[in-house]
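Q: Dropping a structure here in structure tokens format, bear with me for questions.
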Amino acid sequence: MKGTFPIDKFQEIQTPFYYYDTDLLRRTLKTINEEAGKHPGFEVHYAVKANANPKVLNVICQAGLGADCVSGGEIQAAINAGFPANKIVYAGVGKSDWEINLGLEKGIFCFNVESIPELEVINELAGKQNKIAQVCFRINPDVGAHTHANITTGLAENKFGIAMRDMEGVIEEASKMKNIKFLGLHFHIGSQILDMGDFEALCNRINELQNQLEAHHIVVKNINVGGGLGIDYNHPNRVPIPDFKDYFDTYAKKLKLRDGQKVHFELGRAVVGQMGSLITKTLYIKQGTAKQFAIVDAGMTDLIRPALYQAFHKIENISSDESVETYDVVGPICESSDVFAKAIDLNKTHRGDLIALRSAGAYGEIMASQYNCRQLPKGYITEDL
Ligand SMILES: Cc1ncc(COP(=O)(O)O)c(C=O)c1O
């Protein structure tokens, strides 16, 4: 089954472009609010890194989610879209002074801190602004995730986070600093995780760490478990909304919460992945010796995931109902890795046909580049058409 698209309206738009189905986005957000809302203390932040299109951010902000940012630019984008500063958390292994200052000036809720040198700088800059910075420490839980090696982040050798053995020392350091208030712990084990067992493993680790801290009378108010819930790239129509019930229920069952504790989630891909498609036009059908290539006008500059992670995106010819043939779908960029898919079935494709690369709402438009002096793709939401 193919997706349904407003194809007549697409004819007027310069390709390649991103199309965001805001009806699906709103239904996804409603499901998130309903499922998270069943568990007291659960609060969801949207990971802006997945898609920072201002119109998309605005819809997410209207649904009441907070924002998880990893740069000063993202803090600014979140504020511009209307997210209240006290619902913004800021993570990142290398925060520059201007970014920390911006977070302090805006009064964001929390800095997720990844090292003592960073903590010292935040303390110093907060002192200069006469402010108290609330911090969580990103702990590396040494929990593997069953996902692509480039997007697993919770193993001991990753650059992210503070080692578990250093956790108490860092909290102790923080308690001596005048302009720092310790709030809690932060984790993130990776992305595109579909096995709830990985999140259970994280919960078990958090339970151990909490017991350890409690034994030293250290109070943890907030636990931020990061993001990572995956989407079904194979079946964007059959599974347009991820299983948020299973996801939040897993945390509710497995995490041993203390009274009044808050659990923060930072979901990116699961919020926006399925509502986006990259729409591209077929330029040429080229017959190779053993294959035929559909050369399209989008390339790895518009959607880098297949070249970067060998990621799969379902591809559909939305202009044709003719019987299927086998194609390699490739872009125009001067790189041999500029291939979206090899040997896939598409309805017989002709020059001018529109092709949809599905499930491209997360880590698509936001990762686009201008390599080869190309224009950045534009993003359109349903209401624009
Ligand atoms: C710290 C942190 N939180 C949240 C996310 C969002 O992850 P996802 O899009 O898989 O939900 C990421 C992604 O890299 C991250 O690094």
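Each residue's number is its place along the chain shown, starting with 1.
Just so it is clear, glycine is given a Cβ too, placed from its N, Cα and C backbone atoms.
Pulled these from TrEMBL:
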- 18-361: domain 'Orn/DAP/Arg decarboxylase 2 C-terminal' (DOMAIN)
- 32-272: domain 'Orn/DAP/Arg decarboxylase 2 N-terminal' (DOMAIN)
- Lys49: N6-(pyridoxal phosphate)lysine (MOD_RES)
- Gly228, Glu266, Leu267, Gly268, Arg269, Tyr363: pyridoxal 5'-phosphate binding site (BINDING)
- Arg269, Arg305, Tyr309, Glu335, Tyr363: substrate binding site (BINDING)
- Cys334: active site, proton donor (ACT_SITE)
Q: Checking the binding-site residues Gly268, Arg305, Glu335: which ones have Cβ within under 6 Å of ligand 1?
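A: The qualifying binding-site residues are Gly268.
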Q: Can you tell me the CA-to-CA distance separating Lys49 (N6-(pyridoxal phosphate)lysine) and Gly228 (pyridoxal 5'-phosphate binding site), as a whole number of Å?
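A: Each residue's Cα considered, Lys49 (N6-(pyridoxal phosphate)lysine) and Gly228 (pyridoxal 5'-phosphate binding site) end up 12 Å apart.
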Q: Could you round the CA separation between the residue listed as 'active site, proton donor' and Tyr363 (pyridoxal 5'-phosphate binding site) to a whole angstrom and send it over?
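A: Pair distance, Cα basis, whole Å: 22 Å.
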Q: Which ones, of the binding-site residues Arg305, Tyr309, Glu335, have a Cα no more than 10 Å from the Cα of Gly228 (pyridoxal 5'-phosphate binding site)?
A: none
Q: Tell me the Cα distance separating Arg305 (substrate binding site) from Glu266 (pyridoxal 5'-phosphate binding site), rounded to the nearest angstrom.
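A: Glu266 (pyridoxal 5'-phosphate binding site) to Arg305 (substrate binding site), Cα-Cα distance: 21 Å.
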Q: Arg269 (pyridoxal 5'-phosphate binding site): which of the binding-site residues Arg305, Tyr309, Glu335 is the nearest Cα neighbour?
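A: If we rank Arg305, Tyr309, Glu335 by Cα distance to Arg269 (pyridoxal 5'-phosphate binding site), first place goes to Arg305.
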Q: Taking the Cα atoms as reference points, how far is Gly268 (pyridoxal 5'-phosphate binding site) from Arg305 (substrate binding site) in Å?
A: 15
Q: For Tyr363 (pyridoxal 5'-phosphate binding site), which of the binding-site residues Arg305, Tyr309, Glu335 has the nearest Cα in space?
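A: Checked the binding-site residues Arg305, Tyr309, Glu335; minimum Cα distance to Tyr363 (pyridoxal 5'-phosphate binding site) goes to Arg305.
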Q: Would you pick out, from the recorded positions Lys49, Arg269, Arg305, the residue whose Cβ has the largest number of other Cβ atoms within 10 Å?
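A: The largest 10 Å Cβ neighbour count belongs to Arg269.
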Q: Quick check: in three-state DSSP terms, what is Glu266 (pyridoxal 5'-phosphate binding site)?
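A: Once the DSSP labels are grouped into three classes, Glu266 (pyridoxal 5'-phosphate binding site) ends up as strand.
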Q: I need the neighbours of the pyridoxal 5'-phosphate site defined by Gly228, Glu266, Leu267, Gly268, Arg269, Tyr363. Which other residues of that chain put their C-beta within 8 angstroms of the C-beta centroid, in sequence order?
A: Ala47, Lys49, Ala50, Ser191, Gly227, Leu229, Ala270, Val271, Ala362
Q: Could you find out if DSSP has Tyr309 (substrate binding site) as helix, strand or coil?
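A: Helix, per DSSP.
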Q: Relative to the Cβ of Glu335 (substrate binding site), which residues of the same chain, six or more apart in sequence, are found under 8 Å away?
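A: Once residues fewer than 6 apart are set aside, Glu335 (substrate binding site) is near Met300, Ala307.
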Q: Can you tell me the CA-to-CA distance separating Tyr309 (substrate binding site) and Leu267 (pyridoxal 5'-phosphate binding site), as a whole number of Å?
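A: So the Cα of Leu267 (pyridoxal 5'-phosphate binding site) lies 20 Å away from that of Tyr309 (substrate binding site).
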Q: For a quick check of packing: other C-beta atoms within 10 Å of the C-beta of Gly268 (pyridoxal 5'-phosphate binding site), how many?
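A: Here the count is 24.
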